[in-house]
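Chemist: What Swiss-Prot records for this protein is below:
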ACT_SITE  Cys180  active site, thioimidate intermediate
BINDING   209-232  NADP(+) binding site
Amino acid sequence: MNNYFSMEAFDYDDIQLVPNKAIVNSRKECVTSVKFGNRTFKIPVVPANMESVIDEKLAVWLAQNGYYYVMHRFQPEKRADFIKMMHEKGLFASISVGIKDDEYDFIDELVEKDLIPEYTTIDVAHGHSVYVIDMIKYIKEKMPDTFLTAGNVATPEAVRELENAGADATKVGVGPGKACITKLKTGFGTGGWQLAALRMCSKVARKPLIADGGIRHNGDIAKSVRFGASMVMIGSMLAGHEESPGNVIKIDGKTYKQYWGSASEVQKGAYRNVEGKQMLVPYRGSIANTLEEMKEDLQSSISYAGGRDLESIKRVDYVIVKNTIMNGDY
């Protein structure tokens, strides 16, 4: 067994960060921006590239307002037009690809049409794969200027291999998401120890990590940054908004929106190899308000960390307070 796995397993609810002496008069002085690729974004948060979280309209709004996004890959025939549309608007294009044979043809098509996205994400449930490594090498050969994220992975070995293949960033998290049941269906994943997995991966990472899944509270963003994340991918907390895809459903006077995992029956259209589920999330109003609240809470986190920017969070001490009730799913 790798020595990394002798470390104690913990997750977000098991960790509390330890405050340092504050040096700012107000949290408003704290800067939450993060450089990712060649661009700087307002906060280290990106909505999950799931069909129930992001669509073209929301992608445009996010890009226009200084937020990072990754468009999902579940309407593959629309991706080239999406890149063209974003570029015509003077915005950056960020897309997802898979690893099947026709994706190689798609990459060739983009090169032929000179539709090179600024960001590309290889989106695979089990990213520590020879096929993912082959796709990384192909994309970096054909589109060397695209900032390439690959995932998802759970181990330091996987991070090393994807980085060595040419990935510019790696996405960490296998099945910890609220709409994901990978750990229940397969016995594998980072559900219940996602934060520890992030910590282990950060020990070897030379390039940025995206923490993907398991975020239940705004404070979890700061915890992700503390344990090595440059960016935090969030699904359920950024679903259910006015701008979010999904049908609006009213039950007993309360308003909800549909939310489903990328490997769910809803997504696949059939009950086969299902590792996701469908659920209802409360209607939350405008996503702008939620993102602003995340920014303000992160500013408070920076203040507690005794700094002025995100770097200060990476240096704070922490304590492990085992919470057996709230560990994992709740």
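One is the number of the first residue shown, and numbering goes on along the chain from there.
Placement of Cβ uses the backbone N, Cα and C atoms for every residue, glycine included.
Note that this is a predicted model, so its numbers are computed, not measured.
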Chemist: For Ser224 (NADP(+) binding site), what residues in its own chain, 6 or more apart in sequence, show a Cβ-Cβ distance under 8 Å?
Modeler: Pro44, Leu195, Leu198, Ala211, Ile215, Val232
Chemist: Long-range neighbours only, meaning 6 or more apart in sequence with Cβ under 8 Å: which ones does Ile221 (NADP(+) binding site) have?
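Modeler: When sequence neighbours closer than 6 are ignored, Ile221 (NADP(+) binding site) has Ile43, Pro44, Val45, Ile215, Val232, Ile234, Met294, Asp297, Leu298, Ser301 within Cβ distance under 8 Å.
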Chemist: Write out the long-range same-chain contacts of Asn218 (NADP(+) binding site), meaning residues 6 or more apart in sequence whose Cβ is under 8 Å from its Cβ.
Modeler: Glu293, Met294, Asp297, Leu298
Chemist: Per DSSP, Ile215 (NADP(+) binding site) is which: helix, strand or coil?
Modeler: coil
Chemist: Of all the binding-site residues here, Leu209, Asp212, Ile215, Phe227, Ser230, which one's CB has the most other CB atoms within 10 A?
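Modeler: Going through Leu209, Asp212, Ile215, Phe227, Ser230 one by one, the largest Cβ count within 10 Å is at Asp212.
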